[in-house]
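Single-structure report; data block below.
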Amino acid sequence: MDQKQIEEIVRSVMASMGQDVPQPVAPSKQEGAKPQCASPTVTESCALDLGSAEAKAWIGVENPHRADVLTELRRSTAARVCTGRAGPRPRTQALLRFLADHSRSKDTVLKEVPEEWVKAQGLLEVRSEISDKNLYLTRPDMGRRLSPEAIDALKSQCVMNPDVQVVVSDGLSTDAITANYEEILPPLLAGLKQAGLNVGTPFFVRYGRVKIEDQIGEILGAKVVILLVGERPGLGQSESLSCYAVYSPRVATTVEADRTCISNIHQGGTPPVEAAAVIVDLAKRMLEQKASGINMTR
């Protein structure tokens, strides 16, 4: 699927929902301007918040032949470029930012989604067989199965036999859920309903792994299960969300190749609203073809 097709899907879905298509915001001159500490000649004595935009835009190459080329390269990517060297070693500010980003990534893995946040969204909360974060990280197999209490809750409180069941799970990034929820779930649910699909009761699974959607689909009798789950964070990017969609999942027979994945959903990647439109189109095609993953015809 190329960019033109994605844009057409977004326009179609948003139009059917009666909403305007979001336009990309062009960076202003002020935003594009090189911050004080981004100058190649500025020393590392200036105190910056290592997580700020200024720190990310900092250029550490001293006495560059073409400073304008470095500035343009620095603006074009979030990768660690133009950081400079002190002999064979990274410069102090570059190293400190690396350590800060690493710390931020570890924090988002270890953080919990607050129960108050789940209640504020009006979501039913269930758990996998995991009881705490440490067990979640060391026993991924238990994160693939619902607890007995969760199974009872789904059977008693959720719509049975829906066309599409949407599930939200913390996964390996709490920030991915809390940062993107408002911009992806409401338009996703609205788009699915606008398409005439019977949508199940959305709910939140704490300590869930991807394969848990197979058991959910089997219990609820869902034709398509859509799991929105936090991705393992990378350095400097802790808010990336993934969508795993599968048709008619079964615990015993569904394999990873049966899933269709849309990853890198966040403001710096695939915008959540755009991802919602693509997921709606994907669910419709899965129901039409009665397939998902590598079994779908393109």
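Cβ atoms are placed via backbone N, Cα and C, with glycine included.
Keep in mind that this is a model prediction, so the values were computed, not measured.
Counting every protein chain shown, the Cβ of C261 (adenosylcob(III)alamin binding site) has 13 other Cβ atoms within 10 Å. According to Swiss-Prot, the feature adenosylcob(III)alamin binding site maps to V210, E231, C261.
Residues or ranges marked as region 'Disordered' in Swiss-Prot: 17-37.
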Exercise. Where does V210 (adenosylcob(III)alamin binding site) sit in the DSSP three-state scheme?
Worked result: coil
Exercise. Around E231 (adenosylcob(III)alamin binding site), how many other C-beta atoms are within 10 angstroms of its C-beta?
Worked result: 19
Problem set entry | adenosylcob(III)alamin site, defined by V210, E231, C261: further same-chain residues with Cβ within 8 Å of the Cβ centre | G171, L227, V229, S242, C243, Y244, S263
